[in-house]
Structures are given as structure tokens and as C-alpha cells.
Amino acid sequence: MAKSDAKVSQGKRNSAPNAINNVKTRRYSLWNFWICATVLKVLLFPGYYSTDFDVHRNWLAITNKLPLNKWYVESTSQWTLDYPPFFAYFEWFLSQFVPKSVAEDGCLDIVKVGSFGLPTIIFQRITVILSELVLYAALQVFINTSDISEKSANFVVASSIVLSPGLLIVDHIHFQYNGFLFGILISSIVAAKNKRYILCAAFFSIALCFKHIFLYLAPAYFVFLLRAYVLDFSSFKFRSYKDLISIVQWSNLLKLASVVMGIFSLAFLPFITTWQQLLARLFPFSRGLTHAYWAPNVWAVYSFTDKVLTVLVLKLPYLQKILSIVLTSMPKTAADIHVRIESNNSGTRGLVQDVFFVVLPQITPKLTFLLTLFYQILAVVPVLFDPSFKRFVGSLTLCGFVSFLFGWHVHEKAIMLVIFPFSFLVPFDRRLLTPFTLLASAGYVSLFPLLYESQDFLLKFLYTFIWCILYFYAMGQTSKVNRSGVRRIFFFDRLAICYYLLLIPMVLFVQALDVLKHKYAALDKYEFLGLMIYSIYCSIGVLSSWIGLSWLFNFDEPMWN
């Protein structure tokens, strides 16, 4: 018996090093994911594509056929170039590889409306797939540079992003280049994690010069780099205001400023003669508050509330008297309300001009800017006191959140600006899983109206449903449990479960409504009902996620230490 026990004991001692060695030698590669995903994407080549396809085709033509000083002036097509210079250079680069057969197909023609066939479609689809390798490379570096204990969880995060339903729907069906652009942004996040601050600033500056929507994340980067790389409080003792100069590491500040200014100079200096036109293209405030399809944010709820109040006021005259006391800008009579409804674009006609509300006060770009700025300040203040990677990503996520929730003319596709940074947070604490799953499920489902044809319904529904089941479970298994060692169930979690359960019947109901509209003419007057249901229900999920993350970020200090 003694010899037997000794052998068992010896076996246990030998198994521990073997387990460690297995973890060390296991390769977490995204290569197989790229191969499998590419097969699916190639099968989607002949399918639906949006007007964004002709947008990018036109940009290929502009950058290929015209001199650089005409790029932001050309307006033959309504799809004018309205991305920053690096993306224009990117389009020019792609245009150099257009085969003769594709050029003859109309790919490089500057015309009012593009006329092209399968060769152009195949070429442009391939450019999206190949450019997405930047995203795979960035996430592979993220995995490879992780500690052994983090690799499994970080592999789940990385694979969840490369297989994102958002990228499949928006890039490989609808048509855009978000995978490539987020690859550059994620490279900056990975550099921040590895404390490569100059590289972090460089990648973010490059991302910003590719797509200006990343400007919403700039406050988090600015405060993080300032606090982590430029300011040093380790030996600071305040005796006079002159001592404040000593906390600045001037050499680091100079290096940081040189890199950022160098990248922006490279991007914008060639367009110095047309800078006014360039800025007008990048920031078109002539567009309305909401897009044709309301993005699931605060203004969707605001628009819906205005429509409900309009109906109630017309049916209940006494309610109009009560509301007019509080809302001084409200029309005084029912006739005035009808006039405003007829004369104004009230937010459901699929237009991009100014949106006017009937009952509620009008929203201005200035108000949306101030609301966004206020909540972003709240998001970055904690980073001043704790410039850790975890705090930085939390701040980054909240900056993306508030820009999506309160921004002017926000597109539903911008939800990925929140989901992807949030993905990097989940492994740190399982309590973050509930707000993340709310955001991801609501956010990805809110993209469904982009693919409005019935033939695409099963693909978008099943792919998103399977993704949610697999990755919500995997993240729950790999994320860290809080210090108490027990997963605490909050009332918030129970409400989230109810939300998930109702999400599926909501999607099925809207799809049934869409199918029946083609059979029954009486349903034509409810043309925008399905979009409104999507927008409002998904808004509830996104807003709930923001509230949950904000609470944990600001009031659960142990989570971030």
C-alpha cells in the first residue's frame, strides 16, 4: 500500500508540470477561423449589397482618375468622398490593382450612377476580405503577447471579434471596410496593454486619419497617454505652482507630440489647398439628428416619445393643455399640430435633412455635443487617478457608448465602436458579462434592418443567434469571478434574461409583418412600424447596458484595482 500511495503521489507531482507545459505549448491561432470565415464570405459574393458598394466603387474611380487636389471637390455622383485622407490613399492603393477586365466592367468610371457587373463585385469583395487580415494580425498579437493565464480568455475575445455578426452583416454583405479599420484601432489597444505608448498613439492617430468616427474615442486616449506616459507624480511634492512643471516628462511629451503631428501632417498637408471642402465633407452638420433608420440610442426613444405624445394630444385635448404648460414650444392648437406634421420631416420618411419634432423641444448639434462631452468627461476622470489598462478600456468603452447614445446623426453601424472595446473588458470580471451581453445582443440585432430582403433573414438570424450562444457561454466560462468567489445575481441580471427571451419573438414578429406587407395592401401604412420596433427595443438593451457598465465603472472600485 505504501508503494502504491507513493506512486500516486509521484504521479500527481509529475502531472502539474505537464499541465503547465501543455498550456505553454498550446497554440491559440486565428488562422483556421480566417479560412472558415473566408469560405462563407466567398459564398456571399453574388448576394445583396447596399448603395455603399457604389460609394466605394466611386471612390476608387475618383482617386484613380483625378489629381489629389480634386478628390474632395469632385461631385458628379452623390457618393462624394467623405472619409479622411488615409482612407482616400487606401482607395487609391486598391485602384492600382484593378484588373483590366474589372476596369472595363465600369469599376473606375466617374459617373452619376455606377453601372457594373460581377467582375467589379468580386474584386471589391476580395479587397474587403484581404484588408481584414489587419484585424486578424492585430488580434493574433493580442493573444501572443498575453500572459499564460490570460491566453484562453483572450483567445475567446479575439475570435468573437473576427467572427462578429456585425462584420459579416456590415462588411461582407452590406459592404464596408470596418474590419480593416478596427484592426488599426485594436492595434493601438494592444499597444496600450503592452505599455508601448508611442506605438499606441501612432496607431490611434493612423486610425483617426482613416475614419473620423474614432474621434469619439480621442478623450480616453488623450487622458490615458497624458497620465501614463507624460505626467509623473511618483516624486511630486507641492510647494508652489512652479513644482507642477516638474511632473511633466518633457522628452516623452515631445516624442508623443512629434509622432501624432507627423502622422496628421502626412495625412492632411497634401490637401491644404482644399482643406475647407475636406472639413465640410467630414463634418456635414446639414444632416438630420437621426438617420433614415433610427439608431438604437437616446434620440430614437426621444423621437418615439414625440410621436406617441403627438397621437395622444390629438386624441386627448386636455392633455395638450397640460403639456403646453411644461413645453412652451409645443403647438397651441390641434390645427397647428397638423400643420407641423405636414410641413416638417418628422423623422420617419427615410430622409437625412433636419428632423423637427412636433411636441417635444427641438434638438440641436450643440446640445448633442454638450451631452456627449459631459458624459465623456465623467468617463475619463477615473483614468487620471488610475491609468491602468483596465481603466483605460473601460473609459474607451464609455466614450464610445455616449457618442453612440447622444451623438448627432449616428448610424446603427457605429454600435461596433462600443462592442469591440467592451469585449476586451469582459475577461477581467464576470460581473461585466451581463451589460456586455445586453449590448452585443441588442447591438447586433439592431443591424438586421440593413439586410431587408427576406432571403437574408435566416442567415442573419441564425448566425447571430449561434454567435450569441457560443460566445456568451465561452466568455462566462473564461472571465474571472469576483473576489467573493460566488457569482452574485442581481435584479439587473434577471431583467436581462427577460430581455434576451423577448428579443427572438420581436425579430420573428417584425419579419412576419414584413412578409405580410407584400400580401395585404392595408399594411402599407405601417411601412416604418418594423423599423420602429427594432429601434426602440434595441435602444432599451443598449441603454440598459450603458447604465450597468457606468454603475460598475464609477461605483465598484475593487473591480478596477
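Each Cβ is built from the backbone N, Cα and C atoms, and glycine gets one as well.
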| field | Listed range which Swiss-Prot flags as transmembrane segment, given the options 72-91, 92-111, 392-411, 412-431 | value | 392-411
| Do Arg26 and Lys390 share a side of the membrane, as Swiss-Prot has it? | yes
| query | Out of 126-146, 294-314, which range is noted as transmembrane segment by Swiss-Prot? | reply | 126-146
| request: Could you tell me whether the transmembrane segment (126-146) and the transmembrane segment (367-387) are in contact, taking contact to mean 3+ Cβ pairs under 8 Å with a sequence separation of 6 or more? | output: no
| task | Grab the pLDDT values for the topological domain 'Cytoplasmic' (176-205) and give me their mean, rounded. | result | 98
| query | Can you find at least 3 Cβ pairs under 8 Å between the transmembrane segment (432-452) and the transmembrane segment (155-175), where each pair is 6 or more residues apart in sequence? | reply | yes
| note | Lying 6 or more residues past either end of the topological domain 'Cytoplasmic' (176-205) yet within Cβ distance under 8 Å of it, the residues of that chain are 52, 56, 87, 90, 127-128, 131-139, 141-142, 145, 161-162, 166-167, 170, 211, 214, 217-218, 221, 224-225, 228-229, 252, 255-256, 259-260, 263-264, 389, 392-393, 396, 413, 416, 420-421, 424
| message | Counting Cβ pairs closer than 8 Å, which of 28-48, 126-146, 155-175, 206-226, 253-273 has the most of them with the transmembrane segment (392-411)? | response | 206-226
| remark: Top stretch by Cβ pairs under 8 Å to the transmembrane segment (457-477) (candidates 28-48, 126-146, 155-175, 206-226, 253-273) is 155-175
